[in-house]
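**Q** Got a structure for you, questions after.
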Amino acid sequence: MAAFTANAVDMRPPVITIHPRSKDIFSQFSLDDKLQKQYAQGIEALKEEARSMLMAAKSAKVMILIDTLERLGLGYHFEKEIEEKLEAIYKKEDGDDYDLFTTALRFRLLRQHQRRVPCSVFDKFMNKEGKFEEEPLISDVEGLLSLYDAAYLQIHGEHILQEALIFTTHHLTRIEPQLDDHSPLKLKLNRALEFPFYREIPIIYAHFYISVYERDDSRDEVLLKMAKLSYNFLQNLYKKELSQLSRWWNKLELIPNLPYIRDSVAGAYLWAVALYFEPQYSDVRMAIAKLIQIAAAVDDTYDNYATIREAQLLTEALERLNVHEIDTLPDYMKIVYRFVMSWSEDFERDATIKEQMLATPYFKAEMKKLGRAYNQELKWVMERQLPSFEEYMKNSEITSGVYIMFTVISPYLNSATQKNIDWLLSQPRLASSTAIVMRCCNDLGSNQRESKGGEVMTSLDCYMKQHGASKQETISKFKLIIEDEWKNLNEEWAATTCLPKVMVEIFRNYARIAGFCYKNNGDAYTSPKIVQQCFDALFVNPLRI
C-alpha cells in the first residue's frame, strides 16, 4: 500500500449511477398448479405426434423440421431423436445434390451440434474467381438467408464463409425493402440482419419465432400449439423461481444498508434463464442468479464505495473466507462479507448433499481471485493508472465471472469432477474467448455511462491510450475482436468433447447473453428497462393458445 498517496488510500471512488429498482411483481406470485398440470398434459399429448413426424421425416425435410423445433424452443423435448437424425445425416449424406438453402442448413445444424463439417461444401456455388455466383443465387432469398445464418459458424481461415457473409449481407439488405412487411420471411430477415440467429438467446428467440411461425401458411398446427404450451409452462416456472428469488433477496435487507449496490434480482435471473432455459435446470438458474447478485454486491463495494484501504481489508478477508475475519472490516463491509459467507455455506451444503464436494474448494479459490481482480481495478481507478490493454484484459478474464460461474454450476449439473475442474484450471481458449467477448461487449455497451466525467476506466480507454487510437477506431477494433473470439468459440465448441455438452454450453450462452444485453449501448443488468419488452414476454405475458 506504500505505493499509494495518503489521499488516494482514503478517497471513495466516483459512484456510478444505479438505476432505480424495477417494481417487485413476483414476490407474491403463487403458481397455479392446476393450470401448470394442464400445460404439461397438453405438451405430452402433442409430443408423440411431433416425435412421429420427426422419426418419419427424411433428408431435407428432417433438417427443416429439426430447425423448426429448435427455433420454436422445442428442441429439448427431442434431444435424443434429433441427435440420432443428425448423426445419420452426418455419416450417410454428403449433400452433393443439395441446393443452397439445404446445403447451408445442413452445414449449420451439424456445426451447431458439435460436428465438424468442412466449408468446402460451398465450393460448388463459387466461380473461378473465388466469388459466389450471383445467378441464380441472388434471387433465392431463402437460400441467401440460410447461407447468411450458416456463415456465423465460421472459424479462423474459412475465407469462403467470410465471403459468404459479405455476399449475403449485401444482397439481403438490397432485397429486404422489396418484401411484404408482414411476411414471415421479412420478419426473419430483419431479425437476422439485426442480430445473427446463431448468437440469439434460444428462449428469447423462441418467443419471436412463435409469432412468425403463426403467420406462416405452411405451419404445422401441432408444433405451433406445442410451442405455445411449452412456452407458457416455462413462463410459469420462471415466475415461481423469480418469486423465490425475490423473497430471498428482500429478506436479506441489503439495500437499506448498502444503497450503492445494484438491486436487480430480475436482471440477474434474466441472465440465468439465458444460460439455461430448459425446465430441468431450475436449481442451476437459482444458483446462477444468486451468484450474480453476490458478485454484483462485492463488485459494487469495490467500484462504488470502498476506499483503497478498506478494499484491501475486504480482499484479505475474502482470501480466508472465515467468519472470524469479519471483525477486521468496517461495519458496511461486514454486511457484504456476511452475505458472501452465508451463500458460501449454502453452496457447500448443496454440493455435499449432491455428493459434489469437489466443487467447494474451487469455488472458494475463484472467489478469492475475484476479490483480487476487483481490488486491482479499484487501485487502477483511484490512482488514475491506465494499465496496458493486455494487462486489463487479463484481469477482466476473472471479473467476467466465467470461471467462478463454471465452478458454481458444476455440482448442480452433477459435473464437479477432477477432470472437469482441471480442464477449467488450464485456462482453456473456450473460457478465455468467452471472457473477452463478455468484456468487449460490456465495455462497448457501457463505455459512455462508465466514462462520464472521465472517472472510471474501461478497456476502451486502455486501448486508446496504448495505441493512440480514436474512440471510433477503438470501437471498430473491438467489434473485430469480438468476431475473432466468436471464431475461436465456434472452433472450441466442436473441439471440446472432453466435457459434458451441458457444461460446454455455458460458454456459448454466456457470449450470447453478453452480446444481447449490451448491444445498442445498453446494459441490461444495471438497467433492466432496456430489455423491458423481452422481460415482459419471458416473465409476465403468457401466449394466447
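Any Cβ shown, glycine's included, is placed from N, Cα and C.
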**Q** In Swiss-Prot, one of 114-118, 169-173, 299-303, 469-473 is tagged motif 'DDXXD motif'. Which stretch would that be?
**A** 299-303
**Q** State the count of C-beta atoms found within 10 angstroms of the C-beta of D303 (Mg(2+) 1 binding site), not counting that atom itself.
**A** 22
**Q** Distance between D303 (Mg(2+) 1 binding site) and N442 (Mg(2+) 3 binding site) at the Cα atoms, whole Å?
**A** 16
**Q** Using Cα coordinates, what distance in whole Å links N442 (Mg(2+) 3 binding site) and D299 (Mg(2+) 1 binding site)?
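**A** Rounded to the nearest whole number, the Cα-Cα distance is 15 Å.
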